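Data block below; observations after.
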Amino acid sequence: MNHFLDIHKTDQADLLAMLANAEQMKNARKGQPKGMPDADQPLAGRMVALIFEKPSTRTRVSFDVGVRQMGGQTMVLSGNDLQLGHGETIADTARVLSRYVDMIMIRTFDESVLLELAEHSTVPVINGLTDRTHPCQIMADMLTYREHRGDIAGKKVVWSGDGNNVCASFLHAAGQFGFDFTYTGPEKLDPEAEFVGYARSKGSQVSIERDPFKAVEGADLVVTDTWVSMHDSQSTKERRHNLLRPYQVNPELMAAAKDDAIFMHCLPAHRGEEVTSDVMDGPQSVIFDEAENRLHAQKAVMRWCLGV
Ligand code: CP
Ligand code: NVA
């Protein structure tokens, strides 16, 4: 069994195999009703716990639907419902859940919760987002890029905005999938040096450019995310908005990228803040394909975790 904790902790060959499997499963069910079981039922008889300590639309629904399409069953648990929120240790929670379920997906705050759960669990654990990373999102994004533009290796990806958890997983992916990465945003919100260092250590050209218009020159892909993440205190909202306003993705910024550049956002988006509606709904945007691909990519991740 395998845990899926982060992009940089997973073998490159396995990542590529998962994307190929996701593509295959997606194609195999084209045009079918969403509730129709897949022809293959690799999760038959398997029970999957989906734990959410933060809100979610895409992660919650795509994991739930994905498990069911592959013949498994799910239970969706909120952190507050579990004794975890009332003093039971993470290690004991992991040991207990491992006796009931075949796999655990968790969305939590502190990365240490995910890591401790994985350490003490005898069943696979999947990172459904922490304050630091969001690897499932990036698997969907890699699948989406491939569908629209082919191999991402050697391309230029520009992240405009907060150097947050999704940005961190993009930096991991830059290292694993071989693309170049430019971060443009205010210095205070730069991605952690560890993530930048990882991408560089794998040969990716990573640059930090304060001028968003310069940053997007030659960009194949422009990405942004919310200015205030779920783990950020609401009291920082005004300060963050002031810092990030120059990094809004709008038609002027997209016009400075390559003509065939595409736009991604993990969603949920705040229209008119980090991105304007005309970009979100415009011809360069692939945001809803990204959202759909959460389903297909995660099905492949779950199969890899279980080895089925
Ligand atoms: N992109 C993403 O993870 O969305 P949710 O917060 O809705 O799960
Ligand atoms: N950066 C965002 C991503 C949501 C999917 C957050 O952590 O809230």
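Just so it is clear, glycine is given a Cβ too, placed from its N, Cα and C backbone atoms.
Unlike curated records, TrEMBL annotations are generated automatically.
Look at TrEMBL and you will find 3-147 tagged as domain 'Aspartate/ornithine carbamoyltransferase carbamoyl-P binding'. Residues or ranges marked as carbamoyl phosphate binding site in TrEMBL: Ser56, Thr57, Arg58, Thr59, Gln83, Arg107, His134, Pro135, Cys136, Gln137, Cys266, Leu267, Arg294. The domain 'Aspartate/ornithine carbamoyltransferase Asp/Orn-binding' annotation in TrEMBL covers 154-304. The L-ornithine binding site annotation in TrEMBL covers Asn165, Asp225, Ser229, Met230.
Recorded features from TrEMBL, shown on the structure.
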residue : record                           : contacts (Cβ under 8 Å, 6+ apart)
Ser56   : carbamoyl phosphate binding site : Arg107, Gly128, Leu129
Arg58   : carbamoyl phosphate binding site : Cys266, Leu267, Ala291, Arg294
Gln83   : carbamoyl phosphate binding site : Thr93
His134  : carbamoyl phosphate binding site : Asn127, Asn165, Val166, Ala168, Ser169, Cys266
Cys136  : carbamoyl phosphate binding site : Phe4, Thr59, Ile126, Asn127, Gly128, Leu129, Arg294, Ala297, Gln298, Val301
Asp225  : L-ornithine binding site         : Gly161, Asp162, Asn164, Val166, Cys167, His265, Cys266, Glu274
Ser229  : L-ornithine binding site         : Asp131, Asp162, Asn164, Asn165
Met230  : L-ornithine binding site         : Lys54, Pro55
Contacting binding-site residues for ligand 1, chosen from Ser56, Arg58, Gln83, Asp225, Cys266, Arg294 when the Cβ sits under 6 angstroms of any of its atoms: Ser56, Arg58, Cys266
For Ser56 (carbamoyl phosphate binding site), what is the secondary structure state per DSSP, taken as helix, strand or coil? coil
Other C-beta atoms that fall within 10 angstroms of the C-beta of Cys266 (carbamoyl phosphate binding site): 27
I'd like the per-state residue tally for the domain 'Aspartate/ornithine carbamoyltransferase carbamoyl-P binding' (3-147) from DSSP, helix first, then strand, then coil. 73 helix, 21 strand, 51 coil
Asn165 (L-ornithine binding site), number of other Cβ atoms within 10 Å: 24
Pop the mean pLDDT for the domain 'Aspartate/ornithine carbamoyltransferase Asp/Orn-binding' (154-304) in here, whole number is fine. 98
Row Arg294 (carbamoyl phosphate binding site), column other C-beta within 10 angstroms, all chains, value 25
Consider only the binding-site residues Ser56, Arg58, Gln83, Cys136, Asp225, Cys266: which of them have a Cβ under 6 Å from an atom of ligand 2? Write none if no residue does. Asp225, Cys266
